[in-house]
Amino acid sequence: MATRRSLRRMHSNASLEAPTKRVKRVSKENIQQPCEVVYTPGPKIVHEYPRLVQGQLLKRYKRFLADIQLGNDEIVTVHCPNTGPMISLLDVPNAGVQLSVSDNAKRKYAHTLEQIQIQNGEWVGVHSTSANNMVGVALRKGWLPQAVEHRKITNIKAEVKHTSHSRIDFVVETKQEDVEKTFYIEVKSVTLATESNQAVFPDTVSTRAQKHVEELIAFQTKAKKDNIQSVILFLVQRKDCTSFAPSRKHDPAFAALCDAASTAGVKLIAFDCELVVEGDKGHVVLKGQLPLESSSENN
């Protein structure tokens, strides 16, 4: 009968004889999609929540935290996945919220703030990174033909590293009549709207967003001969807007860069979406393309 020591020795010898290569974990979003994208009919559901918990927002603090009062009067601290000031989203006292729930016991906070109900009764998605996931789903299901000039998608890659400290959200390869074209797509999550129902971005000065636009301008300038198109896709996480514009009021530099990007040939495009809640479940539906207006001092 083998002792623990001999078993350990056997295991060690086996490892030496047949070393295994450590495999780097990658998310599904980062896996190359080798097949042509075919349009998927039916409701354009880009995200599903297997479980939602309703509550009331008591306060948001330290950027990443919020205190929520649940229906049973329990007060819980939740993760707030939005680093911005969330202008106009915190105006309603005890605003209604929707929380997702994680079963991961290692998480410090089990709940994540997903949506806030604003003054007009509409729900606004505040989870910034979920915008990338939703755009990824929409691309793979053929629901964003406008973003790729209605061309056939042959390959999608996400979070593609192009410098030592920067990544492109999506690199989408297409082919039409034997002509190949690649699209570099940067996604921005939009939550703010004006009183005239115009969605605007950003809601504060964002040097990071400015840098992204500068990089896309550089890409577009250098890559014309390589048949590459740069795209900034603004996903408006609410359904009460009628148009979109870069916000000169909140970030004049970003708005000016968007003007320069458009002149350089970078494509700016905006879509809105809607949260649908059914009991303790929910999903997000991609609605449609919003008209793009030039930035103005009034937004």
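Going from the start of the chain as shown, residues are counted 1 onward.
Including glycine, each Cβ sits where the backbone N, Cα and C put it.
Keep in mind the model is a prediction, meaning the values are calculated, not measured.
Look at TrEMBL and you will find 1-11 tagged as compositional bias 'Basic residues'.
Among the features that TrEMBL reports, domain 'SfsA N-terminal OB' is placed at 58-126.
Look at TrEMBL and you will find 131-275 tagged as domain 'Sugar fermentation stimulation protein C-terminal'. Sorting each residue of the domain 'Sugar fermentation stimulation protein C-terminal' (131-275) by its DSSP state yields 47 helix, 63 strand, 35 coil.
Annotation source TrEMBL lists region 'Disordered' at 1-25.
Taking H, G and I as helix, E and B as strand and the rest as coil, DSSP gives the domain 'SfsA N-terminal OB' (58-126) the counts 0 helix, 31 strand, 38 coil.
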